[in-house]
Amino acid sequence: MHRGRSASARQERDFRALMDLAHGFMASQVLFAGCALRVFDAAALGPVDAAALARSSGLSPRGTRLLLDACAGLGLLRRRRGAGPRGPAYTNSPLASTFLVAGSPLSQRSLLLYLAGTTYLCWGHLADGVREGRSQYARAVGVDADDPFTAIYRSEAERLLFMRGLQETWSLCGGRVLAAFDLSPFRVICDLGGGSGALARMAARLYPGSEVTVFETPDVVAAARAHFPPPADEDGAEPRVRFLSGDFFRSPLPPADLYVLARVLHDWADAACVELLRRVRGALRPGGAVLLVESVLSPGGAGPTRTLLLSLTMLLQARGRERTEAEYRALTARAGFSRLRLRRPRGPYHAMMAARGGGAGARSDGGGGEATSQTGSGTGREVGAQD
């Protein structure tokens with residue numbers, strides 16, 4: 001009897017765990033819908049009830065009440081028992097106030113909307129991706145493109161959403177990865193595929209003696225100029241960041257003392273990573289280095305789970321995968337770099353630095369580029385923007 005009861009209790013626990021996994025997509029959609037319908041923006045102004053929110057937002061009263069209750073059940077809202085026909089009132093939880101309200105300094109709303117409109121749709125075709133070993137943009141969003149960024153940038157609105165999502169990511173963890181190593185000895189820093197310039201501006205603030213350049217595609221730089229004005233520092237000064245337009249696989253790369261590749265290599269297969277690293281090494285001055293920012297797998301590749309899931313995102317949306325420290329060391333060594341070091345600051349992303357080295361392995365592809373002196377930026381060559 002004791003064994004039977006133990007087995008039954010274990011089965012019940014396992015079944016609950018199974019159902020939590022099976023229904024996990026529902027929780028994601030509650031979060032995404034709450035952001036898309038600006039539920040958390042409304043609750044930031046004061047307690048809301050379902051009927052009033054439905055009227056002001058053009059929503060169905062029944063659907064609104066069900067969504068608000070689900071948000072409360074997930075800990076996104078707090079539900080206050082109400083008296084009378086208005087029913088309960090809802091307020092934001094601390095999590096929602098910090099990360100889900102559009103005006104919050106640490107808001108992740110754009111990132112979540114990008115995940116909902118692109119990444120989530122690709123994940124609906126995971127079995128196809130595993131069978132075929134390729135991205136699933138054609139099935140998910142109707143864009144069959146060899147370059148994954150053609151699908152991500154399928155409209156100007158999607159481009160801007162992606163750029164904002166990356167900017168939000170760096171608002172949380174950019175400073176930590178930039179401070180993982182002392183970058184002050186590097187006078188000229190180039191952020192390759194530097195997005196809206198958020199990480200580059202952080203580098204300019206942390207290391208005011210350095211000149212920081214963002215190398216980005218022309219269309220992204222144009223979008224940054226129009227939509228991402230640089231924030232002023234406390235003293236009113238704007239962090240100075242220069243921009244160069246080009247394609248980092250084809251265009252000459254500017255000379256620099258340090259290249260930053262933040263969440264870039266995981267987009268690409270090994271051969272493309274080595275090619276890009278060789279180009280970077282050829283543009284580095286003597287004594288230079290490369291700083292890689294990635295979510296690094298544990299030795300043997302058994303975890304963490306979040307990084308394993310992100311690796312599947314690379315299957316569905318790009319050509320690469322997440323890697324272990326040893327795999328990044330092998331890639332950098334093939335490109336001619338030496339002495340890769342790994343730092344694990346608090347947060348989901350890790351910092352690795354490798355020295356330029358003096359041996360063979362580099363093709364000298366550095367040089368000019370189309371320079372534009374601008375205190376704005378473009379969007380990076382990074383696909384799975386999850387935090």
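Keep in mind that glycine also has a Cβ here, set from the backbone N, Cα and C atoms.
Record features (Swiss-Prot):
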- TYR153, TRP170, GLU216, GLY246, ASP247, PHE248, ARG263: S-adenosyl-L-methionine binding site (BINDING)
- HIS266: active site, proton donor/acceptor (ACT_SITE)
- ASP267, GLN317: substrate binding site (BINDING)
- 355-387: region 'Disordered' (REGION)
- 356-370: compositional bias 'Gly residues' (COMPBIAS)
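Nearest Cα neighbour of HIS266 (active site, proton donor/acceptor) among the listed binding-site residues (GLU216, PHE248, GLN317): GLN317. The CA atom of ASP267 (substrate binding site) is located 18 Å away from the CA atom of GLY246 (S-adenosyl-L-methionine binding site).
Using a 10 Å Cβ-Cβ cutoff, ASP267 (substrate binding site) registers 23 neighbours.
Burial estimate for the binding-site residues (GLU216, ASP247): highest at GLU216, by number of other CB atoms within 10 Å.
It is 12 Å from the Cα atom of TYR153 (S-adenosyl-L-methionine binding site) to that of GLN317 (substrate binding site). In this structure the C-alpha atoms belonging to TRP170 (S-adenosyl-L-methionine binding site) and GLN317 (substrate binding site) are separated by 21 Å. Residues listed for S-adenosyl-L-methionine, TYR153, TRP170, GLU216, GLY246, ASP247, PHE248, ARG263, cover a largest CA to CA span of 23 Å. The separation of GLN317 (substrate binding site) from PHE248 (S-adenosyl-L-methionine binding site), Cα to Cα, is 19 Å. According to its DSSP assignment, ARG263 (S-adenosyl-L-methionine binding site) is coil.
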